[in-house]
Ligand SMILES: C[S@@+](CC[C@H](N)C(=O)[O-])C[C@H]1O[C@@H](n2cnc3c(N)ncnc32)[C@H](O)[C@@H]1O
């Protein structure tokens, strides 16, 4: 359903447009939120983020309330007004926005969305919500309470059993900000001192030698040394990739599916003299971010646009010592950072992703030297993309064996599954494969 960005700037109208774009047009919040945030102050941008992503987390309950309040669903270009009403209800039920402002400002936003004639309806819906004290009438259906789509709730419950509840609540938690201090420019201790001087509270993590965790909401660009490349923003789970890959000086490395280059930068920072590192991605636009990030951090990588599943189009025939495959995946491990993912992913996407991951793995394996290492990574918590994918790969390839990452890493359940919230990290999966030398 085509819905151009509303011509008239209005905070709640713009928020409704973002929600509409995600839910009706399958657009990612990363794109549409940034578009509207450009025309608001940084305070209002933070508000837009909070309201739209909060709506994503509470969507099943909001939809139940709206269905009760609205006799007939709105159609065509009026549909967006339903999203505005949901945002209004969200403010009344889940935020500290004053009820008077929530109702009045939401009603006033209707004309910006072409809903001048529906101001009365928006007003009636919100007033009825208040009058009937609907915020006290919450569903006790566990799926609604989880804020997840039914298919994902069922998949996680089937896989994790009793542990699913903890995982689901972590998926709705607010994630901390993780920094990776650029060891080639500054030590973690010296950077920590800069943060202390700026009055920014932070902690270290034992498992991550370059990491600093900032709990408070912070505008990254305003942190000390951003433009000088003193740090990169990277979750703790993602910071394990370079460590597990274990690149050594003199080696030839392929970082596959590399954009925006978070792990490429880290691999470079853990070595001093690589023979070469290629950052490959199929998305040219995202590759420009790799270039920018390399420039900011002061690193050098060969950037190639290409499809990982068809190396004949971009590979020069020189085998690699190590390959990192950060595979395209469901991103179900990072829902706490991107609450819209749960609504963008459909059940049918998972099988297609599993097939794509397998075809990329099969295409890359011949590019690895005998004795070389391939690190497979996803930000998924679904075993079909992770341990099952690896088990099938090991069965298909007799010259592949498991190089364990931890004691629990076994041929039956290969790899390390990190769950969201574990040591404050995102959900992630790693598995290290060794290619036999003969
Ligand atoms: C999880 S993100 C990578 C994050 C990145 N490794 C980092 O640490 O910053 C997955 C990437 O895979 C890329 N991708 C998806 N399908 C691909 C393919 N067939 N070939 C190459 N890249 C692909 C996407 O464009 C996306 O940038």
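Cβ coordinates are placed from backbone N, Cα and C, and glycine is handled just like the others.
A TrEMBL annotation is a machine prediction, not a hand-curated record.
In TrEMBL, the S-adenosyl-L-methionine site is described by 257, 258, 259, 260, 261, 262, 263, 307, 326, and among 235, 281, 349 the residue recorded at this site is 281. Checking TrEMBL for region 'Disordered' across the ranges 381-400, 401-420 points to 401-420.
Long-range contacts of the region 'Disordered' (401-420) within its own chain (CB-CB distance under 8 A, at least 6 residues past either end) are made by residues 163, 166-167, 170-171, 173, 237, 240, 244, 333-336, 373, 376, 381, 383, 386-387, 390-391, 394, 426-434, 436. According to DSSP, residue 263 (S-adenosyl-L-methionine binding site) sits within a helical segment. Separating the Cα atoms of residue 259 (S-adenosyl-L-methionine binding site) and residue 379 (active site, nucleophile) is a whole-number distance of 14 Å. It is 13 Å from the Cα atom of residue 263 (S-adenosyl-L-methionine binding site) to that of residue 379 (active site, nucleophile).
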